[in-house]
Amino acid sequence: MRTNPLALGVPTLVEKNVGHIVQIIGPVLDVVFSPGNMPNILNSLIIKGKDTAGQEINVTCEVQQLLGNNKVRAVAMSATDGLKRGMKVIDTGAPLSVPVGGATLGRIFNVIGEPVDNLGPVDARTTSPIHRPAPAFIQLDTKLSIFETGIKVVDLLAPYRRGGKIGLFGGAGVGKTVLIMELINNIAKAHGGVSVFGGVGERTREGNDLYVEMKESGVINEQDISGSKVALVYGQMNEPPGARMRVGLTALTMAEYFRDVNEQDVLLFIDNIFRFVQAGSEVSALLGRMPSAVGYQPTLSTEMGSLQERITSTKEGSITSIQAVYVPADDLTDPAPATTFAHLDATTVLSRGLAAKGIYPAVDPLDSTSTMLQPWIVGEEHYETAQGVKQTLQRYKELQDIIAILGLDELSEEDRLTVARARKIERFLSQPFFVAEVFTGSPGKYVGLVETIRGFKMILSGELDGLPEQAFYLVGNIDEATAKAMNLKVEN
């Protein structure tokens, strides 16, 4: 942690070590320094000056390689337009540092910690470097407890661990970002904790939607910014690869401060962790490294590990991380999602088939897993109910070929009952979201774990066999389903 004596972080650079640009290839710069004054790897370099049109230039780079002959190769964190050979480069003598603490809440930052929301400067007296070691083994906390989200399918079948790492897997357009927005909304309301959102290489429109959504739902308090519950860090699709590769670390650094210094439980959302790998792959190619499997960088697992190992619970506080993972071509064996799997406590897999049926959230109940779904952690009742739901859905899946060829009438009485219950369960796993009220037209619902278990137990026991399956679609708890069934009966 470094404390900057300059209030409001007015940057002044001491020009101790100055070099100049000798080569520019896209976002990669080669810089020459005087002998004996080479910057360290990961040091931050700053280039200031004017372009040919007289516009001010202020580009931050990060040293990646020492090339010999007093040359270093650095990757730019913003566009290199307007840079020329011979321009002066200042070595800051330290890694990139970003503002941390209460001043970051309610604000949007870019990768180098500058506010980009037009709300004026941020108090940057307390800053922290984005590269730091993971907590030591003896500092880690190993308590097991469930993190309730209020989303039925998640809490019942793949519960999240407090202080754990959760992956949301899905192809394009199946609802990862909407699910993340709902989790931020529910957690801010139910747990009152602080969240940090890292937008890594996703759409600018989604980032803007999220910001507006947070202001409307009160997660960001426009009247009193310091009363907000979330800090946002964006490095969107249009940014150079250097920015997309480091923006996850910037968000993580802000979350670590809340955990280590403020001793809070923090939520870290990363959307999308695949783009972090993708940016690393682009940078790796630009630096001339030999590609590995499927064209990814050879350092894939090292880069992923250095980020993921810092996301953990210590004796001071916890970071619970929820990461969206884009799955290229819906192939879970691709090196990027496969490397991510190794670090996760729970996986929430989103299914295109369920999304096509209109069942949202489109969480696949059979593919999603959690290390927390053990009877000695969640209790016998929860475990038995979850297993009953999975067995019913698995049997329904096995029978689908027979139904497609021969029809329902050819099934035994027992199998027909299983199919009817499975279809009710499938629909009851859908739920109206607060953040999707504009799409669904239904008010959002937060369903507690006790209510969720009670509802599914009633379906499995056969108490609700007489109700039509459409009564279970897009409702909150089971009482709403029975009320909806009564309304349907009256209408018919």
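Glycine residues also receive a Cβ, built from the backbone N, Cα and C atoms like all the rest.
According to Swiss-Prot, the protein carries these features:
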BINDING   Gly170, Gly171, Ala172, Gly173, Val174, Gly175, Lys176, Thr177  ATP binding site
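Summary of the ATP site environment: with the site residues Gly170, Gly171, Ala172, Gly173, Val174, Gly175, Lys176, Thr177 set aside, the chain residues having Cβ atoms within 8 Å of the Cβ mean position are Tyr326, Leu350, Ala355. The binding-site residues Gly173, Val174, Thr177 differ in how many other CB atoms lie within 10 Å of their CB, and the one with the most is Val174. In sequence order, Tyr326 constitute the residues six or more apart from Ala172 (ATP binding site) in its chain with CB-CB distances below 8 Å. Counting other Cβ atoms within 10 Å of each Cβ, the binding-site residues Gly170, Gly175 show the lowest value at Gly175. Each of the binding-site residues Gly171, Lys176 was scored by other CB atoms within 10 A of its CB, and the lowest score goes to Gly171.
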